[in-house]
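Colleague: The structure is given below, and queries will be raised subsequently.
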């Protein structure tokens, strides 16, 4: 009995030690100057996450221009990490600076690192700073910890005079001072640049015992910083005058009234400006101005009989956003895991800056396409490949190419497998290849569009919003059978199709609906809009939509009613179906089941004469 008890005790000890992998906390100095309490605040204590602490957005008063964290790996080796920082207002708080690399290792000795938060001084504001820290606990099992810390930085306009004079040296000195006594190299790295510009050494200090509360109060601490209590509203400097509030309110009221007038004008205007029921076009090279196309209009061009009716306003299906659910992501990853030794690469199909697509075989018998990354790819790029490749997980449909398996034995260069024969190739590359695409007829284009509409109806029925429907995210074989696939690696392989509007996020601006551009709202209707652009791509042999328009001007042009022009040799009936997809309101666009009916009826109509 005694040996059994000893064995159980050893097992429990091993389990406990396996869980105690990480400490992340605010040290005494940091808690005292931010909150005014002499204590250590733990976010992760011996592997256990403190959700209450993570949910609290710590206020950072105007007289404090940096924040610090302390961490330590409790296992016998450093733990890989990556850090991302975002601010809610880049004009007021433009450039947080880390004093460690964005990607590195959590050391086995306690280390304090910090972030400089220097306001621009342009106006009074409270800016939310989001700090995302991902720590890889075990590469073999893909065991990651993702932590999100929030800080509310108070920025005052009065800081404008000194903002540019003291920014570079003072912030770095503050961060360097914060790290002394906790050991480790001192690096100052820009948020967008991992080039090390300074390096120093400090002897490591032993880890202190946990302090839960100290009798030392703020009255004994002294100094202006410690007397400032950020939790007391009266200590915050109020805005300069109530006049600012009055002016802002007046401007908002004028904007609201103008918007209502504009909506009323647009709703009534077309019938007065265009007495004919036909579609009147104002062409400007590859785009044109289109009036609102009524779903009940009977014009001389083409109307799909009684099938174009508003549908999206009453939809109540929940849509899956698995990328915000780490448990679901890990479950999918475990189910799709395959052995890398069973995958053989035969030839390189497509190559980007870091992305690679190969042809190969799985188990020496099944032909596959393999998406992977080069050795120099960052951890964030690897994570994005894995997340986006599982977007169509378990989407079983003849016209959907979903992921077959994933190998993460070498987490730096994972393999993502798709079942595909040797004749399968990217649809955009196919359209731009003169030897293939010019032989495609209108009838075949309509059939290809019908296949993709069926694929999208299947995804929507299962609560999946694609968000990036385009020719680059489709494949086609030598029988002109097309399949919709995910957008993994598309930003790297087709960089000209993605643009950033100054927010650091690269999106397919020329394919997005108005609501997706304005508010990043993605829904069934936004997918329909992108499908219309995809049909235009197929008719123009893979041309870039809105090629003459600057990405920053896209929202303005779409709000003014401009849409893609009718391609050369595109029948009026087919272009009318596209135009329905580009209605300004999502509820006015057809569903994919309605699009299938329209394409099917048009196919029947044109085959009568063949």
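Every residue gets a Cβ built from N, Cα and C, even glycine.
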Colleague: The ATP site in Swiss-Prot lists 349, 350, 351, 352, 353, 354, 355, 356, 357. Which one of 340, 371 belongs there according to the record?
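Modeller: For ATP, Swiss-Prot names 349, 350, 351, 352, 353, 354, 355, 356, 357; of 340, 371, the listed one is 371.
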Colleague: Looking at the candidate ranges 201-221, 222-242, 243-263, report the one that Swiss-Prot labels transmembrane segment.
Modeller: 243-263
Colleague: Any idea what DSSP makes of residue 498 (phosphotyrosine), helix, strand or coil?
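Modeller: The residue in question, residue 498 (phosphotyrosine), is coil (DSSP, three-state).
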Colleague: Using a Cβ-Cβ cut-off under 8 angstroms and a sequence gap of six or more, which residues of the chain neighbour residue 468 (active site, proton acceptor)?
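Modeller: For residue 468 (active site, proton acceptor), the qualifying residues are 487, 490, 508, 511, 530.
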Colleague: Summarise the model's confidence over the topological domain 'Cytoplasmic' (264-610) as a mean pLDDT value.
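Modeller: Summing pLDDT over the topological domain 'Cytoplasmic' (264-610) and dividing by its length gives 83.
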Colleague: Going by DSSP, how much of the domain 'WIF' (24-155) is helix, how much is strand and how much is coil, in residues?
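Modeller: Residue counts for the domain 'WIF' (24-155) by secondary structure: 13 helix, 69 strand, 50 coil.
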